[in-house]
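Peer 1: Mind looking over this structure? Questions follow.
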Amino acid sequence: MSWHPQYRSSKYRHVYGKAASKDKCYDCVPITRNVHDNHFCAVNPSFIAVVTECAGGGAFLVIPIKQTGKLDPHYPKVCGHKGNVLDIKWNPFNDFEIASCSEDTTVKIWDVPNQLLKRNITSPKKELLGHARRVGLIEWHPTASNILFSSGYDYKIMIWNLDVQQTVLSSPVKIIDAHKDVVLSMSFNTDGSLLATACRDRKIRVIDPRAGTVLRETTYKSHRVNKVLFLGNMGKLFSTGTSLWNNRQIALWDQNDLSVPLLEEDLDGSSGLLFPIYDSDTHMLYVVGKGDGNIRYYEISPEKPYLNYLMEYRSHLPQKGIGTMPKRGLDVAACEIFRFYKLIPTKSLIEPVSMIVPRRSESYQEDIYPFTAAAQPALTAQEWLRGINKGPLLVSLRPGSEAVNSLPQFLEPEPRMETADLSQQRGWGGRLPLEDKQKRTRGEIEDGRKWLKVEETLPKNDEMCLSNGFDVFECPPPKTENELLQMFYRQQEEIRRLRELLNQRNVQIKQLELELRNLCMDAGTY
């Protein structure tokens, strides 16, 4: 009796890793020899930053993303810290602002010039003084601008509001004092309303960051956690650590019940740390081993078995740290869905590794590129501090697309808009104000004009309008079976394009209706 593996349909079953050629790597980079368990690398579409060796203090390099090849040994550094730099993170909403933390107990915010660095940067934009011991972790808030979290060896997590004029801040807006040991990892859920932490006391905690209270905490003893990660809107947590037998282990948790993991699996007996990295757009989870050259990747599903193993990228070059490119910096023409930057200190090399979905078509593949987080904040710092939650603004990765408003808050089941409008009319005594009708009419007209302008400004020779170089609607009728198939595929591409335009328009219509409903409710209070 033969064994047949269970078939599971997925667009990402055949994803493979492809290392960049030598000329597209970053060579002769003096990577830090610090043994701290961090990524030591931060990447955005403009720059790659990497912690480096520096005498008399801590420093890191900021290299333009296109400046590959050998690095000048005298290349300028960002070197304002008095101790070793332990973590660096780019501002997700500003490609020219980066935060760093150090053993000197400070957190510093730096402005990076648009052009190539010509001299060392020694003066930070802001300096955050609050921790009593070295600062090991920093994280930017995922949806609110200018909110930064820092965690130090004083067992405290501090929340900083950078939207102020002062250059030196000594008092954070909130101090979370809920840990009995060093915090090893921090992770936010999608809208940043919850914070998950992994602590050296081997516990996972889910915290309300604004209240500073622990909502849930693990009591499970068989999994000694090192890193923890929110899995987007899946309602689950993923952690890496070690078992009682010191095997490297992964575990999956229900974020509302941390008593027992949903899934627990031993990987191997290596001693290196495991870095989990989650792509909430494709629901793919990557597990990167420190000290080895492997990257395992899985697909997350909401039902059992939850974790579906896909494949493993193997390399003989061990990585000390890892950087990840935001989705907006990927090469969509090559069907690249993720990109890592491996720090290889034995070779003084930074090697990009692209995760690619094998496709033959050279056109934009919208089915593997769902809407992703844009580079604009959904909230201001003050709005978030006042208790407002909002998911990230979303953008299509199709070239030329613009950001649209956040969708997660609209995913809850709601009554149809017509019913909501009727209930509002009853609340106003059965009448709809004339001003509201005029606003609705003006909004619809402006929306229609906007879309007409967008369609008029679309380039005539763009891939969105053409398929393989021919106009879909002006091709001669097919004469052979091969030509008929080609025409069919072109029409399918055109249908996909029109569906995307229609979906974007529907999203904007829904946003306008919600804004209109809010305006009407405000008008009804007078």
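Placement of Cβ uses the backbone N, Cα and C atoms for every residue, glycine included.
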Peer 1: Looking at the ranges 19-46, 75-102, 271-298, 495-522, which is given as coiled coil in TrEMBL?
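Peer 2: Checked against TrEMBL: coiled coil maps to 495-522.
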Peer 1: How many of the residues that make up the domain 'DUF1899' (5-69) does DSSP mark as helix, as strand and as coil?
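Peer 2: So the domain 'DUF1899' (5-69) is made up of 3 helix, 24 strand, 38 coil.
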Peer 1: By DSSP assignment, list the helix, strand and coil residue numbers for the repeat 'WD' (176-217), in that order.
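Peer 2: DSSP classes over the repeat 'WD' (176-217) add up to 0 helix, 22 strand, 20 coil.
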Peer 1: Under 8 Å between C-beta atoms and at least six residues away from its ends: which parts of the chain pack against the repeat 'WD' (176-217)?
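Peer 2: For the repeat 'WD' (176-217), the nonlocal Cβ contacts are 37, 136-137, 139, 141-144, 147, 149, 151, 153, 155-159, 223-230, 232-233, 237, 239, 241, 253, 255-258, 280, 384-385, 387, 389-392, 408.
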Peer 1: Please count the residues of the repeat 'WD' (128-170) that DSSP assigns to helix (H, G, I), strand (E, B) and coil.
Peer 2: 0 helix, 22 strand, 21 coil
